[in-house]
Ligand code: TA6
């Protein structure tokens, strides 16, 4: 009996690190480093890079890779006692040869399943056994889907609690020309103002200075409109109530050693996250958080956020 094999290639990336390459017909591709379970590239049919990777990214432990899609787990930012954004983003993941079935509506055969389990050292910092499975799927329409499944495998009967984010760096042509739709009128915590709570006004979000906000209880769809490129990124998410919007702008960029001084002009982080209400799992329980990214022509005007229609 012929068994269907996922079509991924294992290759050597920067500094000899292992990476997975997913290829879809029509030239689309994605790359995932086992270091961090980190998606570093997502390209469309014209070979254009859709994610921003820092011009000064360091591909060497313990520094997480700057750009692409870092995974923040088991802690977002400094919401806890662990290292900033948790440890999943600078651990070596493995290919999961026999993952539990994951229902998918994608007809794609370009996907890979990865898994992270805690090391002895991780258990000292965070005394919980877990299995963190992530599927990266490059769909037949070029959409990139990341599905995380986190299971409590503690044998001591103890629950654990975590926060989480897909810290996605989108590539944009000019940050001053970018608009985010879908977060208007929502409450947010402003990281630049001691996480004080504010309410966003009615307009789409635009950028003219450093921005670092955690939007709370956000809708499942958010759009990032890149005016100059005439491209819209559509972010769809499940299981992830919050959304972080970050751009460091010029001054702050200069304090980040692995970010080029000019990178901020061409990047925007919009991060599907679970922060305000941390996730608690009892032993045997599993949480699922799904992120789907599409890049479509900006053929609709402001205020008509219906990305499904755009895709049709
Ligand atoms: O998600 C936004 C944020 O938490 C910012 O506060 C900012 O510092 C950024 O992440 C980058 O964090 P990192 O640890 O990757 O330098």
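Going from the start of the chain as shown, residues are counted 1 onward.
Just so you know, glycine gets a Cβ as well, placed from its N, Cα and C.
Copied from TrEMBL, the annotated features are:
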ACT_SITE  167  active site
ACT_SITE  271  active site
BINDING   66, 84, 89  substrate binding site
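Structure coloured by features recorded in TrEMBL.
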{"residue": "66", "record": "substrate binding site", "DSSP (3 states)": "coil"}
{"residue": "84", "record": "substrate binding site", "DSSP (3 states)": "coil"}
{"residue": "89", "record": "substrate binding site", "DSSP (3 states)": "helix"}
{"residue": "167", "record": "active site", "DSSP (3 states)": "coil"}
{"residue": "271", "record": "active site", "DSSP (3 states)": "strand"}
Max CA to CA distance in Å over the substrate-binding set 66, 84, 89?
14
Substrate site, defined by 66, 84, 89: further same-chain residues with Cβ within 8 Å of the Cβ centre:
63, 64, 65, 70, 72, 85, 90, 167
Let me check the 10 A CB neighbour count of residue 66 (substrate binding site). How many other CB atoms are there?
22
Across all the protein chains here, work out how many other Cβ atoms are within 10 Å of the Cβ of residue 271 (active site).
26
Round to a whole number and give the Cα-to-Cα distance in Å for the pair residue 66 (substrate binding site) and residue 271 (active site).
14
Candidates 84, 89, 271 (recorded positions); nearest Cα to residue 167 (active site) turns out to be 271
Looking only at C-alpha atoms, tell me how far residue 271 (active site) is from residue 89 (substrate binding site), rounded to the nearest Å.
15
Taking the Cβ of residue 167 (active site) as the centre, how many other Cβ atoms fall within a 10 Å radius?
23
